[in-house]
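To start, the structure under review is shown below, and the notes come after it.
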Amino acid sequence: MVSKTLTFVTGNKNKLAEVKAMLGKVEGIEIENHDVDLPELQGEPEDICREKTRLAAESIKGPTIVEDTSLCFNALHGLPGPYIKDFLKKLGHEGLNTILAGFEDKSAYSQTIFGYTDGPGHEVHLFPGRCQGRIVPPRGNYFGWDPIFQPDGKEQTFAEMSHEEKNTISHRSRALAGLIQFLQQM
């Protein structure tokens, strides 16, 4: 693979740290970061990620990576989905649990989609990753909704896990695996 510098567009320092920890191990890839003020789009996660990647590339003028993450409650047919950031901000961890109080089904999945493009006018490639789990009362301290998401087969929430353990099983790591494979074939 030819050495390549990619710009990860995010203002979230925790996401940046996770991505750098995983992509930094790939020979020939260097990650830069820019915080571009992108609009909060509505729609299906794939469409949101594709458009955010396109808009970010217009600003960056080079190889660009964008991420869009969803938390999807099966009892609510996938909601809050890509709107989890707003739901969490307005309701908090307890409020997200309260939404599911009337449902037996607490199952959920976390999903990240990475968008990659070589720059403005180039094709946007999408790399999805999912992690199945369930919504639980908040445990542990980490960013976002990690304290309420417990992956299937685990006794801990994402927030209770070490960064290394989370990075081996998370939705983000699964999406990055697809992106890494794509980049290594370039």
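Any Cβ shown, glycine's included, is placed from N, Cα and C.
Automatic, uncurated: that is what TrEMBL annotation is.
Per TrEMBL, ITP binding site is recorded for 10-15, K52, 68-69, 143-146, K166, 171-172. Here TrEMBL flags E40, D68 as Mg(2+) binding site.
Shown here: features listed in TrEMBL, placed on the structure.
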{"residue": "T10", "record": "ITP binding site", "CB count, 10 Å": "19"}
{"residue": "N12", "record": "ITP binding site", "CB count, 10 Å": "15"}
{"residue": "N14", "record": "ITP binding site", "CB count, 10 Å": "13"}
{"residue": "E40", "record": "Mg(2+) binding site", "CB count, 10 Å": "10"}
{"residue": "K52", "record": "ITP binding site", "CB count, 10 Å": "23"}
{"residue": "D68", "record": "Mg(2+) binding site", "CB count, 10 Å": "24"}
{"residue": "T69", "record": "ITP binding site", "CB count, 10 Å": "24"}
{"residue": "G144", "record": "ITP binding site", "CB count, 10 Å": "19"}
{"residue": "D146", "record": "ITP binding site", "CB count, 10 Å": "23"}
{"residue": "H171", "record": "ITP binding site", "CB count, 10 Å": "24"}
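Put simply, D68 (Mg(2+) binding site) is 10 Å from T10 (ITP binding site) when counted between their Cα atoms. Following the DSSP three-state reduction, the secondary structure of N14 (ITP binding site) is helix. DSSP classifies E40 (Mg(2+) binding site) as coil under the three-state reduction. Classification of D146 (ITP binding site) by DSSP places it within a helix. The distance from the Cα of G144 (ITP binding site) to the Cα of E40 (Mg(2+) binding site) comes to 17 Å.
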